[in-house]
Amino acid sequence: SLSAGLDLPGRFLFAILTLMTLIANLVFIEEAVYIYRKTPSSKRSIIICINAAAPVIATTSCIGMWIPRSSMFTDFTAAVFFAIVIHKFLMMMIEECGGQKLLLKRFENGRFKISTGPCCCCCLCLPRVRITRRTLFWLKLGTFQLAFFRPVFMFLSIVLWTNGNYTLSNLSPKGAAIWIICFIGVLTIIALWSVGIMFQQVRTLLSCKKIIPKFALYQFILILNHLQAAIINILAMQRIIPCAPPLSSSARGAYISQQLLIMEMFLITLISRVVYRRRYNDLEPLECTAEEAGDKQTP
């Protein structure tokens with residue numbers, strides 16, 4: 001265990017980060033109880049799952065920090081859970097519009113703008129696609145495929161890792177790691193594209209339900225959990241992050257990434273509590289009131 005070789009400042013830092021993880025989980029539990037009591041049943045589990053993203057990542061990072069050898073498993077757990085959250089975020093936007101039937105009725109003459117990030121933000125010549133039951137199905141499939149295939153690829157990675165065939169330090173075409181990373185990357189981009197298309201369509205309609213700050217928080221978690229971790233991992237593999245016995249360069253990179261994630265997810269958990277908490281019995285703008293009425297009518 002790494003904690004056995006820590007000096008006093010190191011132990012203090014570990015204690016503070018562990019306390020932050022504990023507080024993040026307590027804040028989430030309190031928020032989950034509030035959402036369960038105050039939110040319509042059609043949205044309840046979706047919103048709780050999205051709110052759980054930051055505390056789950058903080059918890060897996062904390063476990064990885066205390067038990068360095070578990071880092072691969074904790075990182076995989078966080079990645080799999082966030083793949084599910086991406087799908088849930090798309091479903092939340094549909095539910096906030098009153099469900100699929102009401103969304104189709106509201107946008108029956110509308111068209112999806114598909115020239116959006118991360119796939120096609122530069123392809124402005126792409127035609128707009130009609131909003132139909134079929135296009136909604138394809139958008140939902142776009143996020144569901146990541147939630148389904150990511151655990152499969154993660155399980156395959158762990159099996160290959162135990163056999164010595166999967167190492168992040170070996171990114172040659174003959175190794176399994178580069179192919180699995182590329183496949184997951186493509187699936188992730190398709191899922192994010194689906195969410196981006198839906199967000200562009202509903203962001204004005206759902207502005208009264210704070211969809212823009214909710215989308216911003218979701219983007220922050222995505223960037224910090226994936227891009228930040230990838231950058232630190234590359235720096236560690238290139239030995240730009242030096243080794244510090246008993247930690248190797250890669251182990252120290254993982255250690256830094258986990259500590260940063262705990263602090264960042266702690267802050268995002270607190271901000272999420274403010275953004276997602278709303279009084280459902282207060283008077284709201286006409287559009288919101290109509291949508292809430294549609295929610296109650298939708299089974």
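Heads up, the Cβ atoms here are built off N, Cα and C, so glycines get one too.
Taken verbatim from TrEMBL:
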- 12-34: transmembrane segment (TRANSMEM)
- 46-67: transmembrane segment (TRANSMEM)
- 73-94: transmembrane segment (TRANSMEM)
- 137-161: transmembrane segment (TRANSMEM)
- 176-195: transmembrane segment (TRANSMEM)
- 215-236: transmembrane segment (TRANSMEM)
- 256-276: transmembrane segment (TRANSMEM)
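Listed as Cβ neighbours of the transmembrane segment (215-236) (distance under 8 Å, sequence separation of 6 or more from its ends, same chain) are residues 50, 53-54, 57, 75, 78-79, 82, 85-86, 89, 168, 188, 192, 195, 199, 203, 249-250, 252-254, 256-257, 260-261, 264-265, 268, 271-272, 275.
Within its own chain, the transmembrane segment (256-276) has Cβ neighbours under 8 Å at 13, 17, 20-21, 23-24, 27-28, 30-31, 35, 47, 50-51, 54-55, 57-58, 61-62, 64-65, 71, 210, 213-214, 217, 220-221, 224-225, 228-229, 232-233, 241, counting only residues six or more beyond its boundaries. Long-range neighbours of the transmembrane segment (46-67) within the same chain, counting only residues 6 or more positions beyond its ends whose Cβ lies under 8 Å from a Cβ of the stretch, are 1-3, 14, 17-18, 20-21, 24-25, 27-28, 31-32, 35-36, 39, 74-75, 77-78, 81-82, 84-85, 88-89, 91-92, 95, 214, 218, 221, 225, 254-255, 257-259, 261-262, 265-266, 268-269, 272, 276. Long-range neighbours of the transmembrane segment (176-195) within the same chain, counting only residues 6 or more positions beyond its ends whose Cβ lies under 8 Å from a Cβ of the stretch, are 83, 86-87, 89-90, 93, 116-120, 138-140, 142-143, 145-147, 149-150, 153, 156-157, 160, 165-168, 170, 218, 222, 226.
Residues 3, 6, 48, 51-52, 54-55, 58-59, 61-62, 65-66, 259, 262-263, 265-266, 269-270, 272-273, 276-277 of the same chain lie 6+ residues outside the transmembrane segment (12-34) yet bring a C-beta within less than 8 angstroms of a C-beta in it.
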